[in-house]
Amino acid sequence: MRIMILKDYNEMSKKAAKILASQVILKPNSILGLATGSTPVGMYNELIKFYNANEIDFSEVKTFNLDEYYGLNKNNEQSYYYFMMNNFFKHVNINLQNINIPNGMAEDIEKECFEYEEKILQSGGIDIQVLGIGANGHIGFNEPDVNFEASTHLVELEESTIKANSRFFKYIDEVPKKAISMGMKTIMQSKQIILLASGKNKAEVIKNAIEGKITPTVPASILQLHTNVTFIIDEAAASKLESKIEVAYG
Ligand code: PGA
């Protein structure tokens with residue numbers, strides 16, 4: 001496990017963007033695993049800057065997003081499809097055929113989940129997966145007491161997640177209670193993982209994920225077993241680490 005501690009959110013975003021850009025430069029037809037939430041927005045902005053400066057070409061890149069709300073269609077402003085289009089895809093030369101986000105409106109959810117997994121496998125697997133982390137330790141929408149063996153599936157959101165995400169909605173009642181999410185197994189099969197975290201409210205969970213026991217009550221703790229994972233975190237998110245493990249300063 002590598003830990004990069006950067007001064008602040010901007011530096012964290014730049015570092016993450018450089019790592020993703022290097023991946024795409026090295027392998028133009030990379031398979032990227034992407035995340036939504038507030039944390040990666042700065043990284044997407046940096047990637048758009050690289051694209052505008054002609055430093056990266058996304059034309060051959062394929063993407064798989066971690067999750068999507070159940071019951072929201074693509075045009076809903078709260079859907080993760082909408083988020084990705086607005087924050088990233090429409091600003092770069094990615095081929096829309098190469099974008100994959102679970103369909104939250106699928107009639108047969110089991111089939112949707114199965115086919116999503118199959119598509120990832122057939123693409124050759126995710127080269128690099130970007131993750132945020134919930135204050136409760138979730139990655140994707142894999143909530144505490146997670147099943148480490150799960151692949152893409154329908155999940156029930158925890159009350160704390162619904163509350164945290166309600167900041168994007170007018171009323172808390174509008175926040176979907178379910179989502180389709182890659183499972184822990186799907187995430188762990190990625191060849192490389194970067195997890196981004198910023199701010200004091202993530203310090204406790206970052207400590208638990210990195211220094212605590214590997215436990216289903218902190219889903220992100222399983223990342224300790226991945227052979228190529230990098231935590232890219234700012235000083236505030238790192239502030240509770242006592243780590244004696246390898247630490248690389250940004
Ligand atoms: P955030 O969400 O980036 O908006 O803090 C992270 C997450 O819930 O995974």
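In case you wondered, yes, glycine gets a Cβ from its N, Cα and C as well.
Keep in mind the model is a prediction, meaning the values are calculated, not measured.
Lifted from TrEMBL, the feature list:
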type	residues	note
ACT_SITE	ASP67	active site, proton acceptor
ACT_SITE	ASN136	active site, for ring-opening step
ACT_SITE	HIS138	active site, proton acceptor
ACT_SITE	GLU143	active site, for ring-opening step
DOMAIN	27-227	domain 'Glucosamine/galactosamine-6-phosphate isomerase'
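Features per TrEMBL, on structure.
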residue : record                             : Cβ within 10 Å
ASP67   : active site, proton acceptor       : 23
ASN136  : active site, for ring-opening step : 17
HIS138  : active site, proton acceptor       : 26
GLU143  : active site, for ring-opening step : 22
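A gap of 17 Å separates the Cα atoms of ASN136 (active site, for ring-opening step) and ASP67 (active site, proton acceptor).
Calculated from their C-alpha atoms, the gap between GLU143 (active site, for ring-opening step) and ASP67 (active site, proton acceptor) amounts to 13 Å. For the pair ASP67 (active site, proton acceptor) and HIS138 (active site, proton acceptor), the Cα-Cα distance reads 12 Å.
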